[in-house]
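One structure below.
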Amino acid sequence: MRLCSLLLLCLAAYLSSSYVISPPHMWTKLILTHHWPSTFCGMEVPVCHPNISYWTLHGLWPDKGMDCNSSWHFNSSEIEDLLPDMKKSWPDLLSPMSTGFWKYEWHKHGTCAAKAESLNSQHKYFSKALELYHKLDLDSILTKFDIIPSENYYKLSQIEGVIENFYSVKPKIQCVHPSKNAGFQILGQIEICFNFDFTLLDCEKHLTTTPKGHLDNHIAVDKTSGFSVCDQDVPVYYPTPS
């Protein structure tokens, strides 16, 4: 009888460990966010360096939490070997010689991503973001399928279609809306999402719910940057590099 009980306990422990991917407080989705430098610098930014003709990293954002550990300070010496790639792929468009942008991203998002063992150091976090960015190679894929900066407008469905067909997941595409009567929107930011194990995921899936029942989607639309979800029915302007 004792042996039977022990076997049942072991089996229960095994099954529970097999099905739990992450603890309840853990994020379940990572959002790899690219932004288009010309659009960012065109948003009435006083000092900006837009002379970049490719999509750059904005950040790698978990879907739960912000500023999770204020005592875990950014230290650029921990990512010294990554800095050449960081400066090219994840540049600070406002202060190219500064590490302030990376410091901000680490404090706001990296300290939360670090709840996962796979991202529990500054080097793991930044190197994984760079790895995913290069694996996706979004800039080359858009160019390959003729989504290029142009004076002509695109339909949002054209851009979405290229990304969905190539990566087999739905992205979240964000635009700048100059005014209600402008008649167009400006392509600004593209989010592509990943599961806890870094496999691709539709960006609409695994959204969490707050205790009050409201959708906790604060990261998916970066309102503080001036970007919001593109309107399906409004032509999309993809500006040429300045």
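Glycine too: its Cβ is placed from the backbone N, Cα and C atoms.
Because the structure is a prediction, the values reported are computed rather than measured.
Database features (TrEMBL):
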type	residues	note
ACT_SITE	His58	active site
ACT_SITE	Glu105	active site
ACT_SITE	His109	active site
SIGNAL	1-18	signal peptide
What is the separation, in Å, between the Cα atoms of His109 (active site) and His58 (active site)?
11
Cα distance, Glu105 (active site) to His58 (active site), nearest Å?
9
Compile a sequence-ordered list of residues in the same chain as Glu105 (active site), six or more apart from it, whose Cβ lies below 8 A from its Cβ; state 'none' when nothing qualifies.
Gly59, Leu60
